[in-house]
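> Pulled these from TrEMBL:
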ACT_SITE  ASP291  active site, proton acceptor
ACT_SITE  ARG293  active site, nucleophile
BINDING   ARG214, ILE215, HIS216, SER217, SER218, GLN235, GLU257, GLY258, ARG259, THR279, THR314, LYS319  GTP binding site
BINDING   CYS219, CYS230, CYS232  Zn(2+) binding site
DOMAIN    171-334  domain 'GTP cyclohydrolase II'
Amino acid sequence: MLKSAHFTFQHTTAQMDVERAVAELRFGRPVILKDNKRQLAVLALDCVTPAIYDLFSQAVDDQHRLFLSAPRAARLGVSSGAGIAVPLSGVGFEDASRLSYALDVEPPQEWCQPDQIMASAAELARNALLLPAMIYAEIEPDEPRFGACLRLDADALGQASEARQIFEIIARTQVPLKEIGDAEFVVFRGGLAQRDQIAIVVGKPDTNSPVPVRIHSSCITGDLFGSLKCDCGDQLCNGLAHLKEAGGGVLLYLDQEGRGTGIGSKMRAYGYQHLGIDTIDADAELGFEADHRRYEAAVAMLGLLSISRTVLFTNNPTKISALRAGGIHVEERKPVFGDITAENMNYLRTKMLRADHMLDIETLTRPC
Ligand SMILES: Nc1nc2c(ncn2[C@@H]2O[C@H](COP(=O)(O)OP(=O)(O)OP(=O)(O)O)[C@@H](O)[C@H]2O)c(=O)[nH]1
Ligand SMILES: [Zn+2]
């Protein structure tokens, strides 16, 4: 309960400021990112129209640059761990866009190391589920043309990160499921974006022993519509079935579509995959690392369910290390498979060979 005498709306938290900045970027508005030395006006290319692009370049006297992440730079043939900054003077919206995500683009003739603050800008784009391609320029503190824009301290991102682990249970109730019968849905609210996450409790797991747990990341195409391009739908059903067979357990259904890149980017990446590029390189063309998921929410959710010891159903070593890093004991790992089809074979093979997923190498590498 709020104590009304002390409560005011005068302050925001770093978490709120970050979320506001995310909303501004998604509306195609600049955010002013600042540290104690300088301030940069930053726009997400993903949400910019040609008219906004032109307006921005006029406002910064054509001194804008394009930040591209390390994976995108590498696809352009430039190796730079911090990404690159490409001068955009005289470069129009179409060419900036092509440089950001098109295939078979010539490497930029000129580039430099990006300002350090751009790491925070890329992190904002990640929270916003936008391509990490940012248009930016240094501006004067009192620049009136950006007077109405949101200002964000670059430090706020680090501070807001703590919120990733803060959740509360806001609802729990029984939902009978076709395949496994009674289950309890537990809804958690919190995290950086305050989005709701769910756990499905099958049976009555004994939290004094290692609890069978499946961590599943959302896949709208596979989970809901039976896409043949991946194994997610099968893994969701089989995961729940394994929990039931094990005498009860918990499935965490995490809101991290497209390995954390969002449905828009996942579908763009599919477009590139149809041209023969594998799942990791397709994401890299768009500027993404191989996997953008985080598991702080999973750790927090297990904690709220009083689960500290698990038998984890997964083929993905990152999930095991992420839980362990969060203080959850993974006492055993059990596999969870889906059907291997002509359509998902290359995807599974890539996960096995390039992301170390524990899949059956013999079956998957046999030519189809
Ligand atoms: N970016 C991208 N994401 C994909 C693609 N195919 C599937 N995904 C996403 O990959 C994730 C797969 O999630 P999971 O099945 O939980 O995880 P996993 O990494 O395969 O690990 P385990 O199933 O536990 O072995 C989901 O977020 C999907 O939306 C793809 O081609 N590109
Ligand atoms: Zn999938």
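Here the Cβ of each residue, glycine as well, is placed from N, Cα and C on the backbone.
Model, not experiment: these values are computed from the prediction.
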> Given the recorded positions GLU257, ASP291, THR314, return the subset with CB under 6 A from an atom of ligand 1, ordered by sequence, or none if empty.
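Near the molecule: GLU257, THR314.
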> Taking the Cβ of GLU257 (GTP binding site) as reference, which residues of that chain separated by at least 6 in sequence fall under 8 Å from it?
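Listed in sequence order, they are SER217, SER218, CYS219, ILE220, ILE263, LYS266.
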> Determine the binding-site residues, out of SER218, GLU257, THR314, lying near ligand 2 in the sense that the CB is under 6 Å from one of its atoms, and give them in sequence order.
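Checked binding-site residues vs ligand 2; nothing flagged, none.
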> In Å, rounded, how far does the Cα of ARG214 (GTP binding site) sit from the Cα of CYS232 (Zn(2+) binding site)?
12
> Who sits close to CYS232 (Zn(2+) binding site): which same-chain residues at least 6 apart have their Cβ under 8 Å from its Cβ?
HIS216, SER217, CYS219, THR221, GLY222, ASP223, GLY338
> Spatial neighbours of the residue listed as 'active site, nucleophile' among the binding-site residues CYS230, ARG259, THR314, defined as Cα within 10 A: which are they?
ARG259
> Any idea what DSSP makes of CYS232 (Zn(2+) binding site), helix, strand or coil?
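Its secondary structure by DSSP: helix.
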> Based on Cβ atoms within 10 Å, give me the single least packed residue among the recorded positions ARG214, CYS230, ARG293.
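Checked ARG214, CYS230, ARG293; of these recorded positions, fewest Cβ neighbours within 10 Å: ARG293.
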> Which whole-number value in Å describes the distance between the Cα atoms of CYS230 (Zn(2+) binding site) and the residue listed as 'active site, proton acceptor'?
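Spelling it out, the Cα of CYS230 (Zn(2+) binding site) and the Cα of the residue listed as 'active site, proton acceptor' are 15 Å apart.
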> Expressed to the nearest Å, what is the distance separating ARG259 (GTP binding site) and ASP291 (active site, proton acceptor) at their Cα atoms?
5
> Starting from each candidate's C-beta and looking 10 angstroms out, tell me which of the binding-site residues SER218, THR314 has the most other C-beta atoms.
THR314
> From the centroid of the CB atoms of CYS219, CYS230, CYS232, the recorded Zn(2+) site, which same-chain residues not already listed sit within 8 A by their CB, in sequence order?
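The answer, listed by sequence position, is THR221, GLY222, ASP223, SER227, LYS229, ASP231, GLY233, GLN235.
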> Quick one: pull the CA-CA distance for THR314 (GTP binding site) versus the residue listed as 'active site, proton acceptor', whole Å only.
16
> Tell me which residues of the chain lie with their Cβ under 8 angstroms from that of ASP291 (active site, proton acceptor), as long as they are six or more apart in sequence?
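Looking at Cβ-Cβ distances below 8 Å from ASP291 (active site, proton acceptor), excluding near sequence neighbours, one finds ARG259, GLY260, THR318, ALA355.
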> Looking only at Cβ atoms, how many others are within 10 Å of the one on CYS219 (Zn(2+) binding site)?
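I count 23 other Cβ atoms within 10 Å of it.
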